[in-house]
Structure formats: structure tokens, C-alpha cells
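Would you mind keeping the following structure in view while I ask a few things?
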Amino acid sequence: MGGSLGKKKAKIIIVGLDNSGKTTLINYLKPPKETLSEVTPTVGFKVESFKQDKINFTCFDMSGQGIYRELWPEYYSEAQGVIFVVDSADKLRIAVAKNELEMMFEDPGIRDRPVPILFFANKKDLPYALTESEIAEQFELDNISDRDWHIEASNALTGEGVTEGINWLGAKLPKKKKK
Amino acid sequence: MDRAGKPLFQSNYLTCMKTMNKNKEDVKSVSHLIVCNENRELIIMEQSGIKIKKSIKLPSVGVFIETYGLYDIDGKIFIACRDGKIYVVKNGLLSNQVYDIESKPVGMVYIDKSIVVASMNNVVSSYYGKGKKNYSIYMPCTITNIEKMIMKRTKSVNAALVALSNGEIRMFNNKFLITTIKTDDVIMGMRFGVFGREEGSLVINFKHGGLSVKMLQRQANLSVSNHKPGPSIKQDIPLKIKLFVELTQRERDHSVDMHRLFQKDLCKLRLKTAQSYISLLNEGHAPMSYAQGSKLRLNATTEGIGPIFKIKLELQNLSKKSMVGTRVMLSYATDIYKVISKGFHKPMTLLPQINYNQEILVENIDENGAADLIRVFIYNHESSMPLITANLNMPLSEVDLE
């Protein structure tokens, strides 16, 4: 990646429950020729990279399935930013997502490092989807005081809100020395 | 029973239903419907569901069915019946193996090669496949439901959920209580399984119409090893000093003698108590008296703040005969008290079951208002022993300043 010289690099981790739209979200951000026509449930995790707002992102797209969630903490310590994707139409599992979020905040890899967290209230196009403020209320995000956070309603299929969110994250990333 | 050419018709009511897979473990594979009815029958349907494959007569009406294994390969059907027994159907035949649960069943689940039955006597019992009892757990109140909690995909869990009438759901792994979930209402039904995308979900139906969904936390620890029964707090055990060891040894060597001695002393103590009580009653010192074969009750109270007090006596003859010539007498320190009332020591006739009230006015003549004891005796001419006594602790008196 010769062209990336002189540009910022960032390693981020993307987590969230299964079927919340993590891979779809990344898929939208990838260069057009690399995009997949169909997204299947991720097994384990996938490393993807994309360029956005003059930053080269390396992204750990974690699987959200119950059995793979134990992998998440393995990559927390390397991440400079966290993206947490929520299916805002799945009201029942908001509680599960909240529980996973709480566990993430208790993990030393996140707890001791004030990395910024971006929430995507995904699938906002679906009927009965919760708004981002409703999700922020459910997650009690106002209680987060040790780091920057932001919530963005999104539709990963059409890309609505995705760029805005990533731009916010890019601006919050720690200033890295240029290579 | 020839039903050929006639529509399938059962004139009585069904009591319970269950499915049993025919020859594959898979959830979506072909299965048989098994039902019980009020006619004491267990009916196994063909896989098409429109024909009876087998009908088995049971000794009682089945109310819960559990199945284990596959129908074609030695599967077992357990039927909990209203007579408090669980019958087993194997290879399409009623086997002579019977589990007696000593009460009526309120629920039955098959977990980890044993049958777990909740019964009306607030007991959850587990039986091995061979019919031997494994354990019993006693609940503090009525059991409303029992459900198995089995997860295979994400983690291995084999637990039983027991809902109680006080709104609690207790989770047992084997016989060990793992956790208790508290709800505000009585649970009428519950089901554990996959709900939407979440595998470990428990859907609860409440008596007042509420519906609640609970999901198992991913990192919940349900293993037995971390939930040993008994107090979890570490207890302070003193060091084994020499004295302690000697004492223990002595207790071990002379345990029989020590026990005997203790029993003897206990007997003596009881005898002494009984003797004292009897003498108390006979001598008329107690508020109830049996002196001279009479049965009397005396209740004495004082009223007032001084210097004049009113002593109120309430006398009742509890026997069946009337008592003639009973008198009231007061005993007091003459330098402190002076009796004002007159005529209270006239002989009285006490008729049975009637309350006699008497009021006696007493004046405190001590200049400092000292308090003392006044004793009230009831007696008759037959004996010098009082029939009954009451001790009145008089209060300190207000001093008459005039």
C-alpha cells in the first residue's frame, strides 16, 4: 500500500450481536470492486480494510454469534476505536446487547483505555425500529464519562448514516505519528 | 375397535400431548403424536397424524407425557398419571416398571437420563431410568410448573426450572440450586428454548396475563462446582488445641455416660418443676388455685396515684359447685397503709362461672409515700391455708401536701 504513506492508519474492532449488520456495514465501506453481493453470517472474524476520510482503516469484523463472542476480548487491546452495531428493530435483544456492552466495558482491554466508541443504531429503515435516542436511553450511554461516544442511526444496506459515523470516529482517533 | 371408513373421532377429552421422533434425532424429522385421554388410553398416532398406530390401555388417566429416544429404536414413553404413578411404555407395550411418586404429579421432565417429577406435596423428585429414586428436593410452597432447561449449541446446560406459587423460579442442576429468579406474579406456564435468534430464552406466562421473556447471559455460570450447597461464607474454625482434643476424646469415650447423666438431670429438673407448680397451685399462691379441691381465679389490680388507692378484685369460681363462706383478707404494713373501705370481709357465696367484683379503698399514710406489698388472701373457715393469694405491688404514692 504505497499510497498510504503519509496517511493515518487506524485499527478498529467492530462488534455487536449476530444479525445486527456488522459485515454489511463494512461491505458498504469497502472499495466497490471488493464488495460482496451477498453477506453471510461471519464465522470467527474477518479482517477488512477500507479508506475513509484520508484514513486507512484496518477493521476486525467479529462474528456476533453467541459461541464466537468470546473472541471479542482478544482483540480489544489492539483496537484504537470500537464500533458497536445494534439491530434497532430487535427490541427483545436490546437487553442482550446491553449485557454484552457492559461486559465489554468491564474488560481490561477497554476499561483501562479511553478508546472512542461509535454506536450504529442499524436497520433504521425497518418499521418499529427504535430511534438512536431510545437506544442511548436503553443502554444508559449518558453514564459513560471516561471516553468519547457517539450514536448514529444507520441503514447499512444503503449506507445512510454510515459515512457520518465513520467520519466522527476518524476525527476522534488518537493522533498517530506519520510513517 | 374398527374405525375403518369412519372419521377419527374421540368422544372423550384429551389430557396431554407430546411428540416422539420416529427414527431420527433431528428436530424437523418425522415424528409421532402421542396423546392421553380421559378414557385411560395412551394413543400413538401414525406419522401422518390421521390414523391411530397404537392404543394402549393405562391403569389410570395420564396427565403428563415425556419421551426419550426414538420410537423405532427402543424409545421410552413415560406417562405420569392421576393415581400418582408413572408408567413406562416401551416398544409399544406397557412395561411392568412403575414409579410411585407418593403424591399427584404437577409436572414431569426428562433430563439427563432421569425423570424429574414435581408433585403436589411440594417435592421435586428424580428417578433413574431403572426406577430407583435418585433424590428429592423439598420446596417451601406449592409448585406450579417444571421445565427443562437444555442447551447444546453454545454451552452445555442440563438444568430443571421449578416455578413456585410464591413467584420464584428455582434453577436446579442435578439436586443443586444454582439460582433463583424472583417474579411478582404466580407463573402459570413457562417454556425454555430458542426464541428468535436467542438460544437460551425463557418465556414465562403469568397468572394475571403478563408475558415475560428472560434470556440467559452468555457468561452465566451454571456449573455445580461453583454452587456448593451450604453457607458460602468461610467459617472460623478454631485451632485444635490440646484442651480441645482432650475434651473431644473424653466426649467420645464417655458419650453414653454423659448422655445418661444428662437425661437423669433433665428428668429431675422436670420433676422439680412439676412439684413446684403443684405446690404453688395447692397453696393458693398462683392466680389459679386448686386448694381444697376448689377452682378459683383471682385477679387483683390497683388504680389511682395516691394517697388513696383503689384495689380492684375480680373473683371467679371455676368449679361446678358453689362455694360458701369465702372471705377476703388483706395483709399489709400498718404503718404505711390504712384500709378505708369496710365490710369487704363479710363471708360471700361464690356461684360458679360468675364474676364477683370488689373494690377496696386503701390510703397511704406514710408521710413520704413509701410503696409496699399488699397481699390479698381468699380463705374460708375450713382451712388455715388460703384458697388463693394475690400479691399487689403498690406504686409509690403522691404525698398529700395539705
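From the backbone N, Cα and C atoms, a Cβ is placed for every residue, glycine too.
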Out of A:G64, A:G161, A:G165, which does TrEMBL tie to the same GTP site as A:G16, A:L17, A:D18, A:N19, A:S20, A:G21, A:K22, A:T23, A:N122, A:K123, A:K124, A:D125?
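The candidate from A:G64, A:G161, A:G165 that TrEMBL ties to GTP along with A:G16, A:L17, A:D18, A:N19, A:S20, A:G21, A:K22, A:T23, A:N122, A:K123, A:K124, A:D125 is A:G64.
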Identify, in sequence order, the residues in the chain of A:K123 (GTP binding site) that are 6 or more apart from it along the sequence and have a CB within less than 8 Å of its CB; answer 'none' if there are none.
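A:K123 (GTP binding site) has long-range Cβ partners A:S20, A:G21, A:D87, A:S88, A:A89, A:A129, A:N155, A:A156.
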Judged by the number of other CB atoms within 10 angstroms, which among A:S20, A:T23, A:T42 is the least packed of the binding-site residues?
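So among A:S20, A:T23, A:T42, the binding-site residues given, the one with the fewest Cβ atoms within 10 Å is A:T42.
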Sorry to bug you, but what's the C-alpha spacing from A:G64 (GTP binding site) to A:T42 (Mg(2+) binding site), rounded to the closest Å?
8
Filter the binding-site residues A:D18, A:K22, A:G64, A:K123, A:D125: retain a residue only if its CB is under 8 A from a CB of chain B. Output in sequence order; output 'none' if empty.
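Answer, by Cβ distance to chain B: A:D18.
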What are the non-local neighbours of A:D125 (GTP binding site), defined as same-chain residues 6+ apart in sequence with CB under 8 A from its CB?
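Looking at Cβ-Cβ distances below 8 Å from A:D125 (GTP binding site), excluding near sequence neighbours, one finds A:N155, A:L157, A:T158, A:E160.
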